[in-house]
Amino acid sequence: MFPVLFSLCLVAITHVALASKVCPRPPEIPLATTNTNKAGYWPGEDIVYQCNPGYVPQSGSRRYICPSSGVWPTITFKCIPKKCPYPGPLNDGAIYVDDLNYLSVINFSCNTGFVLEGPTSSQCQADGSWSASLPECQPVICPPPPVSEFGVLSYHKIDSRDTFIFQDTIRFSCLLPFALFGSETATCQADGSWSALPECKSVECPPPEPIDHGFINGALRNIFHYQDTVSYGCNPPYIMDDASESRCEKTGTWSNKPTCKAPCKISLTRATVLYNGQKIKVKELNSIQHAETIWFFCVRKTEKCSYKTPAQCIDGQLSIPDCFEERSCRPLQYRSLTFPEDSQTPRCVATARQAFHRKRKSFGSARHFLTEKERESWAQAPCRWRGFGRLRDSSVPLFRPTPLDLLAISFLSEVFVLIPSLRGKLVPKASDIVDCVSILNNTSVHSLLTEHNEQ
């Protein structure tokens, strides 16, 4: 009986084996393994893929079943490396990273003036963490700086530390009368040393030099020390053109030597100028100080208008603007009396020819009037009226002058009139000395002259 049953079972198994095929070993997937590892798998058996340590699934199914055909289906399962988080930032330093994948290595460094405390590199591990913690960058430390004799060190710190670190700055000064040579500041450098340190040295200056037209205040000494000062002054009417104080410098010389500047005299006698915002005649202005400015009035003849032109006093020198024309005697034809122009001096220059008239009849002959300085022309001194005298020349008949018997001289806007006496038979003698009487803006006189000229 048993042999019969065994034969039946063997036939059944053989029938099944002949009806299906065995699956071979499953294909290998990069960065992954299967849960079993056999040479063949019966239909219905399954396999499960899993990623190696440090890697994670990216896509595809993990489980596959051996089909009756004995051919595994297409395996789509893929693994990729794990990533570690970015470890930074590293203050005052840098992190050099190619990538953050499993087994990648990153490196650390510090900026100039800082030193690294901790590991110089770290590696991404299978669990997604770094093998080493982030290091720190600490500033370079400088030793306390040496202070020279008679020197003073000062600095300001924003914290309570007792050390000097990279880029800390300290300031030096010297006790008087010592002078500081070199930079007054020093800085902690990247290599832990200080930049160049200054020195304190004694400085002496010789006595200051005197100045022209001025003086030095106070008593002079043979030796002056650094930062000693002296002050200067000027003798009137000179004024100081620079700072009145001079200081002994660390070079052993004085900071400055001031100068006394001279005032300017105006080489005009007949002009109106603008000075300190006011119109003033130059004869009322003795001089102006150095660096002061006066304004002259020039005439634009084409437009018949005036404009201001400045002139500045520079140490006694004042240049009159080229456009300015000083008022002078201009020619005046008054009946038979002629006054020629003298362009050199603004004085009265006149020759009286047949000077007095009555009813269009001439009396007298051509004569020259003198000035108060006899035998000088009017170009050299002002005219002066001395009075009247009786006619001594019997060849000229006596007559009573009328108000129209006038001698007139015009200086631009000013009219100078010689008026003979209206009482008695008196006329000016040719040798008499006359004075120009200024009558400014006298309309009655102008009208009189106009009326007489029209006769």
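Cβ coordinates come from backbone N, Cα and C, glycine included.
Keep in mind that TrEMBL annotations are predicted by a computer and have not been checked by a curator.
All protein chains shown were included, and the count of other CB atoms within 10 Å of the CB of C23 (disulfide bond) stands at 24. Per TrEMBL, the feature disulfide bond maps to C23-C66 (among others).
Counting every protein chain shown, the Cβ of C110 (disulfide bond) has 20 other Cβ atoms within 10 Å. Marked as disulfide bond by TrEMBL: C110-C137 (among others).
If you look up TrEMBL, you'll see C205-C248 (among others) marked as disulfide bond. Under DSSP, C205 (disulfide bond) is assigned to a strand (E or B) in the three-state scheme.
The domain 'Sushi' annotation in TrEMBL covers 21-81 (among others). Secondary structure of the domain 'Sushi' (21-81) per DSSP, as helix, strand and coil residue counts: 0 helix, 25 strand, 36 coil.
The domain 'Sushi' annotation in TrEMBL covers 82-139 (among others).
Sequence annotations record features per position, and here TrEMBL assigns domain 'Sushi' to 140-202 (among others).
TrEMBL lists 203-262 (among others) with the feature domain 'Sushi'.
Among the features that TrEMBL reports, signal peptide is placed at 1-19.
Cα separation, C137 (disulfide bond) to C66 (disulfide bond), rounded: 59 Å. Across the structure, C66 (disulfide bond) and C110 (disulfide bond) place their CA atoms 58 angstrom apart. Its Cβ placed at the centre, C137 (disulfide bond) has 19 other Cβ atoms within 10 Å.
Here the CA atom of C205 (disulfide bond) lies 52 Å from the CA atom of C110 (disulfide bond). With DSSP classes pooled into helix, strand and coil, the tally for the domain 'Sushi' (82-139) is 0 helix, 25 strand, 33 coil.
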